[in-house]
């Protein structure tokens, strides 16, 4: 008679039993509470108990708020049977069994409880909607940090496992600036060794004559040996036609690489922080050119503001018009250029490697190309059907990738107005995009809590990374192309081994959305910028090499707090100077 009340009573008893279990098994048993909770709620709604469903939802939602806040917000509005058919999250939960992994003993404990208490209602939900995968042998402690413990739908898990078996090719791009630099160093080392051998032979000849006893080792040649010997990353030919770099840019870039500061746990980078003030919460995104010469910001009023940082350092100047007028106060010259062309908010901006052009992504569904020298719009790329959240140049320029609300990522070239490839497969909008260093792959982060890796040549998904508990908003690739870092809306960062698609280590510490990630030039340090007003520096070499130890964490080297500035973007220059940008957001008390 009291069918609605049975759901609350049965779930409450199951919840109390789980929380009173031994700590050794409690962590695993807690994983079943959320899927049981949402299916109890949806069954109450389906049977027309709207008021009872609302009371049930409010009674237990706090238990699941920290880890499943996004899904709970979507399910909260489901109050009628029709809503169950229309709500995307509810449909996904109804159509797919949730995959929960636990050890054999925890599985037997749960089964024994359900049978001994004759809790047929809970047993029916577990059998119908949860795929309990018992692992033999194994203790719960060995499974705590397993990425599969995030309760994926069984069908999705099967797709993930099949996708991650595909063959992929890693390595640095053949003919890239890094490749040319290492070849230059190798040639200089070879020449230095030849000169040293010649000097040694001559010294031996003189020593035989009794003139010289010893020749000192060439210190310069010794110093050059360190960096190339440290890496044995394969070289890959590009699948796309690579653009030609100008001689001046290539010369300057190689000079920057030669003078790059070697960073590590004992040598932290210098940081230059640019702060936007008086934005009135209208700044959506920011980008800094590779040499730090330009800074761009995208605003909600559809405009882009471009700052020349060289002119910013000049002394205060006044316009001629202000000087000529005796009745008007002199007006300072603005050091930024306002670029107008979009018809909607600007959500993403990115500079080309050479810094001579700028891409912008907007809510008007378009991407625009701007010249930083002419301060003019050069092209408008149309292809997405909904707002474009992010855009990024490839490491060599010319090609770029975009991410959109239409659940696709697209690859473009500057000389064509239509996309070259369309990457479709995400279950929700694609929020960020990042190129692999060899330009053969792009990574996309989505609101479906997954990161996917795509083959640029075929448009095929070759890796799916699961483990985040909220939308992914930032991605970074290591310079050697072997690792990837991704940051989510809850402040969690995960370091991934691209070959095995497994999480090497989670990085915990941020308390706000991680909006930007960047690796240093040699890959020894990962920098993260967050909405919690801090920049954090992580020691990559400290633990990413020990992939077998899942519980190991990357060491936090330093936390750099700002007064009240959420970090929108950060990047390392070729000389390993860290550039940071954010919008000053004063608290209500100021």
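Cβ coordinates come from backbone N, Cα and C, glycine included.
Keep in mind that this is a model prediction, so the values were computed, not measured.
For 3-130, the entry in TrEMBL reads domain 'TFIID subunit TAF5 NTD2'. If you take every residue in the domain 'TFIID subunit TAF5 NTD2' (3-130) and average the pLDDT, you get 86.
If you look up TrEMBL, you'll see 192-225 marked as compositional bias 'Basic and acidic residues'.
Among the features that TrEMBL reports, region 'Disordered' is placed at 192-230.
Sequence annotations record features per position, and here TrEMBL assigns repeat 'WD' to 276-309 (among others). Long-range contacts of the repeat 'WD' (276-309) within the same chain: residues 256, 335-340, 342-351, 353, 355, 358, 360, 362, 364, 370, 372, 375, 568-569, 571, 573-574, 577, 579, 581-585, each at least 6 residues beyond the stretch ends and with a Cβ under 8 Å from a Cβ of the stretch.
What TrEMBL records for 339-373 (among others) is repeat 'WD'.
Residues or ranges marked as repeat 'WD' by TrEMBL: 381-422 (among others).
For 423-464 (among others), the entry in TrEMBL reads repeat 'WD'.
Taken from TrEMBL, the feature repeat 'WD' applies to 465-506 (among others). Note on the repeat 'WD' (465-506): DSSP counts are 0 helix, 24 strand, 18 coil.
Distant neighbours of the repeat 'WD' (507-548): 227, 257, 260, 262-265, 268-269, 271, 273, 473-480, 483, 485-495, 497, 500, 554-572, 574-576, 578, 580, 582; these residues of the same chain sit at least 6 beyond its ends, with a Cβ under 8 Å from one of its Cβ atoms. The repeat 'WD' annotation in TrEMBL covers 507-548 (among others).
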Spatial neighbours of the repeat 'WD' (339-373) far in sequence, C-beta under 8 Å, 6+ residues away: 245-246, 249, 284-291, 293-294, 296-306, 379-382, 384-393, 395-397, 400, 402-404, 412, 414
Intrachain residues whose Cβ lies under 8 Å of the repeat 'WD' (381-422), provided they are six or more past its termini: 173, 176, 240, 242-243, 245, 344, 347-354, 357, 359-369, 428-435, 437, 439, 442, 444-446, 454, 456, 459
